[in-house]
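Below is one structure, written out as structure tokens; comments come after it.
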Amino acid sequence: MSTIIDIIGREVLDSRGNPTVEATAVLESGVVASAIVPSGASTGANEALELRDGDKKRFLGKGVLKAVENINTKIADLLIGEESEDQVRIDRLMIEADGTENKSNLGANAILAVSLAVARATAIEKEMPLYRYLGGVNAKVLPVPLMNVINGGAHADNELDFQEFMIVPVCGGSFKEALRAGVETFHVLKSVLKEKGYSTNVGDEGGFAPALRETKEALDMLMLAIDKAGYTPGEDIFIALDAASSEFYKDGKYLFEKRELTSDDMIILYEEIVGTYPVISIEDGLAENDWEGWKNLTQALGNKVQLVGDDLFTTNPKIIKEGIKNNIANSVLIKLNQIGTLTETLDAIEMARINNYTAIISHRSGESEDTFIADLAVATNAGQIKTGSASRTDRVAKYNQLIRIEEELGENAIFKGKQAFKKFQFEE
């Protein structure tokens, strides 16, 4: 009864008001399920290709009618009659039909939407929660949230070079209580910013984008907010950074806070930050093509903090494998739309796990009401999730889904808190 009888694509809007792709899978049993794909603002050079129309008369060239048409014709023709529960085959058929390294023929947005819709339909067909269908009986770890509360870089119109300043609540013994600590700190941060005369408008991911000039200012604001909210920095709540440094890397130099820095200079900067603030995680600390610098960064800080590859790895198992071989980074950011199928995403997570790298399930800056990544985080026992701040429904939807999952799991639910980072210096 899990035979696919129809696949439908449509153009919908993401949280930035840009078109994106939704796919619906219809099974013989009558089950109907849909999935919406996200879209990123700062993208890695090796990401799978998001197919856009380029017609300036529609949505300023950002329409996705070609991708939708590919779903309604080529992909539908390919998958109708297939068994939805054979996810590996479903994804392989689409990859082979596309025939390109970066899914530029059918579009990664078309392929991924169908991949996720089929998985969701199969879970409903089997009368299982999505996390249970994807992860089996052992899916029970709720993730520590990395909450992006101050925005800079490509996500904001201020002078901060680093893209994200995150709070990482690890206290409370449960996801719900840790989330509460993060939310309370977010609200206190708002009042701290207001008191100091800064704007409290929120950016794409629900964080604030105040007109701060220096990294130190942003970190000091976080420390103050954590403390004023009644929590202990470095005990209850840690700090995480996404430098997104490929965005300010040019001609072999990093243009950071109006200075030209080398890779070694950046490493010294991070050592100073880690020595001064309770920073537990640094994402894309160096540029995606600066592999020599990454080796040195990993050597310098790899046993102290989580060094996350996002643009560096683009959720691509081949690139992750190469990075592991070269002792680069110690953590992988997982974004479904960077690679473009559920199967390849699960492969990337597994590759991280068997090589003792942590995996962080992540949203994109252009999101939707779709909560697939919340279930994926629990399904894979990843232990960490990045899905924005404590405002904007497109971000909060994921947190609410995780609250539901934790409640459903009851006493079987595990929240690791600080132990999610046990391989680093904050081991209990």
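Yeah, the Cβs are placed from backbone N, Cα and C, and that goes for glycine too.
Swiss-Prot lists Glu205 with the feature active site, proton donor, giving sequence analysis as the kind of evidence. Summarising the annotation, Swiss-Prot assigns active site, proton acceptor to Lys335. What Swiss-Prot lists as (2R)-2-phosphoglycerate binding site is Gln163, Lys335, Arg364, Ser365, Lys386, and the listing cites sequence analysis. Annotation source Swiss-Prot lists Mg(2+) binding site at Asp242, Glu283, Asp310.
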- Message: Between the Cα atoms of Gln163 ((2R)-2-phosphoglycerate binding site) and Lys335 (active site, proton acceptor), what distance do you get, rounded to the nearest Å?
- Response: 17
- Query: Using C-alpha atoms, which one of the recorded positions Glu205, Lys335, Lys386 comes nearest to Asp310 (Mg(2+) binding site)?
  - Reply: Lys335
- Recorded (2R)-2-phosphoglycerate site residues Gln163, Lys335, Arg364, Ser365, Lys386, farthest C-alpha pair in Å: 17
- Query: What Cα-Cα separation, expressed in whole Å, is found between Glu283 (Mg(2+) binding site) and Lys386 ((2R)-2-phosphoglycerate binding site)?
  - Reply: 11
- Task: Determine, from DSSP, whether Glu283 (Mg(2+) binding site) sits in helix, strand or coil.
- Result: strand
- Tell me the Cβ neighbour count for Gln163 ((2R)-2-phosphoglycerate binding site), meaning other Cβ atoms within 10 Å of its Cβ, over all protein chains shown. 27
- Note on the structure: For Ser365 ((2R)-2-phosphoglycerate binding site), the close recorded positions (Cα within 10 Å) drawn from Glu205, Asp242, Lys335 turn out to be Glu205
- Message: Given the recorded positions Glu205, Asp242, Arg364, tell me which ones have a C-alpha lying within 10 Å of the C-alpha of Lys335 (active site, proton acceptor).
- Response: Arg364
- Task: Compute the C-alpha separation of Asp242 (Mg(2+) binding site) from Arg364 ((2R)-2-phosphoglycerate binding site), stating it in Å without decimals.
- Result: 13
- Not counting Asp242, Glu283, Asp310, residues with a CB within 8 A of the CB centroid of the Mg(2+) site are Gln163, Glu164, Leu241, Ala243, Ala244, Ile282, Asp284, Val308, Asp311, Leu333
- Query: Cα of Glu205 (active site, proton donor) to Cα of Lys386 ((2R)-2-phosphoglycerate binding site): how many Å, rounded?
  - Reply: 10
